[in-house]
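Swiss-Prot lists 1-25, 84-95, 162-175, 260-270 with the feature topological domain 'Extracellular', giving similarity to another entry as the kind of evidence. Residues or ranges marked as topological domain 'Cytoplasmic' by Swiss-Prot: 48-61, 118-139, 204-238, 292-362. Look at Swiss-Prot and you will find C309 tagged as S-palmitoyl cysteine, backed by similarity to another entry. What Swiss-Prot records for 328-362 is region 'Disordered'. Annotated compositional bias 'Polar residues' per Swiss-Prot: 352-362, in sequence order.
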Amino acid sequence: MDDLIARHYNFTGKFRKVHKDPGLKADSVVFIIVCCFIILENVLVLLTIWRTKKFHKPMYYFIGNLALSDLLAGVVYTANILLSGANTYKLTPTQWFFREGSMFVALAASVFSLLAIAIERHLTMLKMKLHNNGKTCRVFMLISTVWFIAAILGGLPVMGWNCIDSMNNCSTVLPLYHKAYILFCTTVFSVILMAIVILYARIYALVRTRSRKLVFRKVANGRGSNKSSEKSMALLKTVIIVLSCFIACWAPLFILLLLDVACQTLTCSILYKAEWFLALAVLNSAMNPLIYTLTSNEMRRAFIKMLNCGVCVQPSGKFSRPIMGAEFSRSKSDNSSHPNKDEPEYSPRETIVSSGNITSSS
């Protein structure tokens, strides 16, 4: 047993006698099963993107990076559970930092990937075109930056930002972490959350504004249509799903960590239930593949085809009409009367903003 870890756990009230915690509890087994599901679904998403040449585009690379980070979250959370309980006191401080730091890296990479997707979608809406050509290097540089920042963020405690020499500043949730570090991470994640909310709100506002302008133009030409408002409502539903899921999974953990910083040692009993809040954040890694990939008709079709035949998927050349509430087609609402060529300022390129990707076909 490592005396330093035991002292910190005892000081924060988390110390457990080894003989009282001999093995996995029922909730830990449930968490591991959920992690296995997370790993499986994200592996399938990665295989779908890898096997489908149509998905070898910047936006799908971001989706793939999100799946990779979520897959890693499932793996490291499983390892975290197996190394917890009585096994905690068998770890050296460095091993403990790697156990917890790997969780921070995986979850940070997942959150940063969500931000990267929101930024890419927003840029696409501003420029009204996709970055399909000549931008692969930029995309991979951005993905590399995501992982670099996540690794630095997760590695700060093992580099020295910890409370080994100042026990009074120790976190209750993570007894070797300094409260200042917990506050820093919570602030970073909260800023990212706000940025994602703002970006999706702007995406909706941009689409809504352009749809209204086109409706007014059509009404003036005697060609009124309610398709634009229907598509705007579809996008609004999608944005609400994306943001609600993200906030519901992450906000409780953010609040708990803020309580951890504010509370004195042994005063907040809710801090000893942190595993449930962390599990909820990890659950977001199970929801992301459903929200960001399977709501796309093309990805869902490729996904199912791969499961059925296990061979390289070759989707059809054209994207089908998106389902209501899952995808939003700007040009289909903006150009529903496209055969009439009296609106030259709008490109014939079709841009689909799904709940997790933006694709185009010409």
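Glycine residues also receive a Cβ, built from the backbone N, Cα and C atoms like all the rest.
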Exercise. Can you tell me the mean pLDDT for the topological domain 'Cytoplasmic' (204-238)?
Worked result: 65
Problem set entry | Helix-strand-coil residue split for the topological domain 'Extracellular' (162-175), DSSP-based | 3 helix, 2 strand, 9 coil
Exercise. Where DSSP helix means H, G or I and strand means E or B, what are the helix, strand and coil counts for the topological domain 'Extracellular' (84-95)?
Worked result: 9 helix, 0 strand, 3 coil
Problem set entry | Beyond the flanks of the topological domain 'Extracellular' (260-270) by at least 6 residues, Cβ under 8 Å | 11-13, 168, 170-173, 179, 182-183, 186
